[in-house]
Amino acid sequence: MLLHFTKMHGLGNDFMMVDLVTQRAHFTDDQVRRLADRRFGVGFDQLLVVEPPRDPDMDFRYRIYNADGSEVENCGNGARCFARFVRDQRLTHKREIHVETAGGPLVLKVEEDGRIRVDMGEPRFAPASLPFTPEPFEGDTDRVLHRLEVNGESVELGVVSMGNPHAVMRVDAVDEAPVERLGPAIEAHPRFPRRVNVGFMQVVSPHEIRLRVYERGSGETLACGTGACAAVASGIRQGLLESPVSVHLPGGELTIEWHGPGTPLAMTGPAERVFDGRLLLY
Ligand SMILES: N[C@@H](CCC[C@H](N)C(=O)O)C(=O)O
């Protein structure tokens, strides 16, 4: 079967975009892994699929697969690319697009300057929302930081769900952060039963952070949109940050706004088209 796709990226977090409104296909885990391969396949951090909505109040269903083939709940950089893609493909002319994801609804707004603002919903801190298993002595849900023993070290983490699960660790200098050493170990830690994305956050000022993210199912990426949202939400909750916050990631910058509990968080940034292609899906 010949399948049309588009390669896009948000700050170097790269995607294969597939329109399954006008085309038919089904991806197995193994196919996703082969397509994600940077030598033998198309190469990407995530495969993003556009489908017709199941809920009639929504415009599209947005499905996300990590490079390891796992289907996940949310992808922030992908959401911005999704908005640009459905308009470029003339699947919609709307500037405000409502999508359903496995992690909940998102509202995507295309601004005059071409950047995309995404209403990411409210961050959730309850351990069960990730899920994360707190230590029995930690008591219930209201802790701002949780202690985790990993590779013989004790680390403190903020845990946040942006529809998908995030752990955020504060570091002095992001360039020296133990991303390769602790990222995979925290990602697969048994206290995160569905694994977790791991952010390493350096606070520069109340309105500025630097961030690297070891993504669940894809490894370290040049940027993680939901990771930026989770880091800012955790930083604001700890009293370290104030909205708006500029997040400097290895691939570029995002702006995150959040005014605290009971309000949705907004992420604004670019979405770039790289090339269109066709492939034989086998
Ligand atoms: N790159 C993404 C997040 C993609 C999903 C993530 N790896 C997960 O498993 O939850 C973003 O920009 O948010």
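For all residues, glycine too, the Cβ spot is worked out from N, Cα and C.
Here is what TrEMBL says about this protein:
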- C75: active site, proton donor (ACT_SITE)
- C75: active site (ACT_SITE)
- C224: active site, proton acceptor (ACT_SITE)
- N13, Q46, N66, G76, N77, N164, N197, E215, R216, G225, T226: substrate binding site (BINDING)
- F275: site 'Important for dimerization' (SITE)
Filtered recorded positions, from N66, N77, R216, F275, whose Cβ is under 6 Å from an atom of ligand 1: N66, N77, R216
Residues that sit under 8 angstroms from N13 (substrate binding site) by C-beta distance, when 6+ apart in the chain: D45, Q46, N77, G78, T221, L222, A223, C224, G225, G251
By Cα-Cα distance, the member of binding-site residues N66, R216, T226 nearest C75 (active site, proton donor): T226
For substrate: widest Cα to Cα gap among N13, Q46, N66, G76, N77, N164, N197, E215, R216, G225, T226 in Å: 16
Residue with minimal Cβ packing [other Cβ atoms within 10 Å] among the active-site residues C75, C224: C75
Distance [Cα-Cα, Å, rounded] between F275 (site 'Important for dimerization') and T226 (substrate binding site): 25
Position of peak Cβ density within 10 Å, selected from the binding-site residues N66, N77, N197, T226: N77
In the chain carrying R216 (substrate binding site), residues 6 or more apart in sequence that have Cβ under 8 angstroms from it: N66, S70, V72, N164, P165, E187, R195, V196, N197
Substrate site shell beyond N13, Q46, N66, G76, N77, N164, N197, E215, R216, G225, T226, criterion: Cβ within 8 Å of Cβ centroid: D45, I64, V72, N74, C75, G78, V213, S218, T221, C224, G227
